[in-house]
């Protein structure tokens with residue numbers, strides 16, 4: 001069970017809604033993933049249409065929506081987008097994203113911290129997408145963010161946990177949930193994140209661009225479950241030395 005602010009989730013896998021070939025495929029994949037929290041870019045939704053092709057299926061699926069501010073380049077733009085999302089969707093939950101460079105899509109730490117503090121004051125449950133910077137994550141926690149979402153690698157890159165060393169520090173010092181966001185390309189990456197102590201992962205591109213998104217979503221569901229179970233089982237310590245699993249000399253003594 002995962003708790004963030006005032007909500008609890010059975011699944012430790014969060015999913016996105018971008019890059020799917022169709023709205024139906026998106027919904028089918030989300031259902032196969034078992035995800036209960038789904039991010040939604042406000043710039044992709046036509047709020048003037050009561051039956052928006054993306055929003056309506058998600059509402060019918062019964063998932064918790066996490067609108068994001070993707071596309072915002074400054075704190076001011078992100079705050080404005082957040083206010084629109086709250087008014088339109090009736091939710092105070094928000095994934096804060098501020099990335100001014102469209103080529104790399106790396107989060108702006110200064111603008112993110114600035115916006116996070118203000119949005120918390122305005123009553124939002126803020127989950128900020130941020131770099132894998134332990135100092136920044138602690139500062140975001142201190143201004144009242146309900147969780148932190150450090151990247152594993154650049155958005156959509158499928159590179160995996162390139163920031164592993166920093167993620168381990170963030171997880172060790174955090175007192176709020178840590179959600180590894182961005183860069184997760186295959187199910188084994190998700191397993192590794194959960195094994196190291198992350199509370200959840202957010203996956204979009206790896207599922208959406210797969211030849212079979214529904215099958216890949218199911219694979220990620222199983223991978224996340226495996227990671228959670230492995231962590232709960234408490235793995236043995238690593239060692240540079242070998243450790244025999246069977247007696248090395250007993251049979252010689254019997255023969256003698």
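Glycine is no exception: its Cβ is also placed from the backbone N, Cα and C atoms.
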Handout entry: Among 156, 197, 227 - the residue Swiss-Prot places in the same 1-deoxy-D-xylulose 5-phosphate site as 182, 183, 204, 205
Key = 156
Fill in the blank from the handout: For the binding-site residues 204, 205, the largest set of other C-beta atoms within 10 Å encircles the C-beta of 204
Fill in the blank from the handout: Taking only the CA atoms, the spacing between residue 156 (1-deoxy-D-xylulose 5-phosphate binding site) and residue 95 (active site, schiff-base intermediate with DXP), expressed in whole angstrom, is 17
Exercise for the section: Could you check the binding-site residues 156, 183 and say which one's CB has the fewest neighbouring CB atoms inside 10 Å? Expected result: 156
Completion exercise
Near 1-deoxy-D-xylulose 5-phosphate: residues not in 156, 182, 183, 204, 205 with Cβ within 8 Å of the site Cβ centroid are 16, 153, 154, 155, 157, 158, 181, 184, 185, 203, 206
